[in-house]
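S.K.: Can you read through this structure? Questions will come right after.
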Amino acid sequence: MSSPTPDALLGPADVRELAAALGVRPTKQRGQNFVIDANTVRRIVRTAEVRPDDVVVEVGPGLGSLTLALLEAADRVTAVEIDDVLAGALPATVAARMPARADRFALVHSDAMHVRELPGPAPTALVANLPYNVAVPVLLHMLDTFPGIERTLVMVQAEVADRLAAGPGSKVYGVPSVKANWYAEVKRAGSIGRNVFWPAPNVDSGLVSLVRRSEPLRTTASKAEVFAVVDAAFAQRRKTLRAALAGWAGSAAAAEAALVGAGVSPQARGEALTVEEFARIAEHKV
């Protein structure tokens, strides 16, 4: 791997100059906050444990701050960008600041939620500063669509990071926690201050690490069947599962039968259950 140019990464002045040249103003609609600190993006790459043979997919690369740091460490990087102006500019930024690695970069101009395939080798890692307003749907979509993604590190709103990494019994344990755990072991991997972004957001950010399960969850129920139970259980999270799952099962009595068959108390609440227990409930639906 060739050595990167010492000043290849973007600093605060670089980000603002690029944005000004492109006429870009970060929009809340797309949850855009650009990282302006080179040390932060290198820390993200280190925490993600990006390897020289990794094929990394990045969602929402923006002006390219994290993209360039990923290109220093990975074999290939594919970035998915929805914004017309940003997607048009990023290949030129990569070519100008890291010419020796430009042939290792690919840009997909698309909404990440619509991406079903990527150019080149299948991705082995997902590393991204996810737009805050779509972070969870995009994360779950990418994990589902690209089973070769073994390791993921995403930067999201701190509150979302807490939810994703929460375990049963936590007040913030919910649908994102369970669905992420269907695919991977999930944990918090650090915090990011507001001052490394432009513009500075009104909320703190957190890093979340996801390591894909070495074997899929053992269940005869499909993912859709399990997720239907999860959605029903948390739609009325204060209710007992017997009541919350009545609509899903067809009646409270049918819900109770499925719960008892799964070895789960009908008086329990969704926030107390593991993804394995939700799967067992799905298996016992009559």
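Glycine is treated like the rest: Cβ placed from N, Cα and C.
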S.K.: For the S-adenosyl-L-methionine site that Swiss-Prot assigns to Asn33, Val35, Gly60, Glu81, Asn129, which of Asp53, Asp111, Asp144 is also named?
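M.R.: When Swiss-Prot describes the S-adenosyl-L-methionine site, the candidate it includes is Asp111.
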S.K.: When the number of other CB atoms within 10 A of each residue's CB is tallied over all shown chains, which of the binding-site residues Asn33, Asn129 has the maximum?
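M.R.: The residue with the densest Cβ neighbourhood is Asn129.
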S.K.: Near Val35 (S-adenosyl-L-methionine binding site), how many other Cβ atoms are within 10 Å of its Cβ?
M.R.: 24
S.K.: Enter the number of other CB atoms within 10 angstroms of the CB of Gly60 (S-adenosyl-L-methionine binding site).
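M.R.: By my count, 25.
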